[in-house]
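Colleague: Following this message is one structure expressed as structure tokens.
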Amino acid sequence: MEAEPRDGYSVSIPLLLDNDEKQYKLGSVDHHPCTGHSSFFNTCFNGLNALSGVGILTIPYALSSGGWLSLLLLFIIATVTFYTGLLITRCMDLHPNIRSYPDIGEVAFGNKGRIVVSVFMNMELYLVSTGFLILEGDNLQNLLPDVGFEVAGLKVGGKQTFIMIAGLIVVPTVWLNNMNVLSYISASGVLASIIILGSILWAGMYDGIGFQQKGTLLNWNGIPTAVLFLCFLLCTITYASMAIFGYLMFGSGVQSQITLDLPTEKFSSKVAIYTTLVNPLAKYALMVTPIVNAIENRFRSTYSKKPISLLIRATLVISTVIVALAIPFFGSLMSLVGSFLSVTASILLPCLCYLKISGTYRSLGFESVIIGFIVLVGIAIVIVGTYSALVDLIGHL
């Protein structure tokens, strides 16, 4: 899920709030309960916005890598992450002072737990933001393949050019401090996902691509609360639909971003690609803001001037541009983020924290067995998936 900053701490919650809330560090004298109020519709919309993202572009590639039976993994992962989301909710119910995900880590394992949770959250946000820039470069190069320039004998290709341009575009958005504005801009992600799915379906049905690919049944080499349920269900249906349509359209040859396979001269393709280009730019600032706040709070005692804050934010953007230029491989990078960071932050840490906070680990009950099994499978996924992603990434370098 997306993270919103609260006085320097990241909290995985829906992005749009109806009122401002303050977060207090654990151990402070006065703790105030959360008093946010939101309708069921708004809460569902917020949850969908937090869960939906550019990952919808890569899901056909994931299906093509593992074959049709690997589609079951999508539903299994959705079920497991839904369950771990419930565990996070239970942790918050068990301890009245918990206001954020790092708070859960601190209650469970002390200051080290907070650090581990914060590191994995911020690393994931940082690399996903970097992936946004790579995605912009890939799709703009697909639209304008002849762009590039030369400086002092050094030739800069179109993809690198567009990555740098995208970096320049997002700098002003990162300088914004109004989270309400950023949240509403980012909320376009829900509509964007629907538009992209509709455009892909239109391209397959009416633009001559068709759904003629059969694919393979299984490729072993490629498989290394009500609101929460509804959000996961709708997102899973959307992602599964995109996976099926994309795989039927392009088969095993589908690229890491399905928009790169679309015929750029078709109107539906242009709609999908342009929507894809807007979405990352709209969400970039919201993704990096928790990282910025963590850095600024770290050094707040040594400076209080706004120019320093602007410099920190610009430096962070520049660093993601540099990483994107150095590792411009969207599929490999997102595989690494998903297998190592996302599985750890979304599956392993919630399970371990819940076991510790609830004390469930002391008894060998049904729930503790289920959670233990999830942890073991999660560890196996982290090891195998991270190794495969690193091998693939190194192979591209």
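Cβ atoms here come from the backbone N, Cα and C positions, even for glycine.
TrEMBL lists these features:
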type	residues	note
DOMAIN	38-215	domain 'Amino acid transporter transmembrane'
DOMAIN	226-388	domain 'Amino acid transporter transmembrane'
TRANSMEM	68-89	transmembrane segment
TRANSMEM	115-135	transmembrane segment
TRANSMEM	160-177	transmembrane segment
TRANSMEM	184-206	transmembrane segment
TRANSMEM	226-250	transmembrane segment
TRANSMEM	310-330	transmembrane segment
TRANSMEM	336-357	transmembrane segment
TRANSMEM	369-390	transmembrane segment
Colleague: Is the transmembrane segment (310-330) packed against any residues at least 6 beyond its ends, judged by a Cβ distance under 8 Å, and which are they?
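Modeller: Residues packing against the transmembrane segment (310-330) from afar: 58, 126-127, 129-131, 133-135, 137-138, 159-160, 163-164, 167, 170-171, 174-175, 256-257, 288, 291-292, 295-296, 393, 396-397.
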Colleague: Tally Cβ pairs under 8 Å between the transmembrane segment (115-135) and each listed stretch (68-89, 160-177, 336-357), then give the stretch with the top tally.
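Modeller: Stretch with the highest Cβ contact count: 336-357.
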Colleague: With Cβ-Cβ distances below 8 Å as the criterion, list the same-chain residues six or more beyond the ends of the transmembrane segment (336-357) that contact it, or say none.
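Modeller: Sequence-remote neighbours of the transmembrane segment (336-357) are 80-81, 84-85, 87-88, 90-91, 94-95, 104-105, 107-109, 113, 116-117, 120-121, 123-124, 127-128, 131, 224, 368, 371, 374-375, 378-379, 381-382, 384-386, 388-390, 393.
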Colleague: Which residues of the chain, 6 or more past the ends of the transmembrane segment (160-177), have a CB below 8 A from one of its CBs?
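Modeller: Distant contacts of the transmembrane segment (160-177): 132-134, 136-137, 140-141, 144, 147-149, 185, 280-281, 284-285, 288-289, 292, 310, 313-314, 316-318, 320-321, 324-325, 328.
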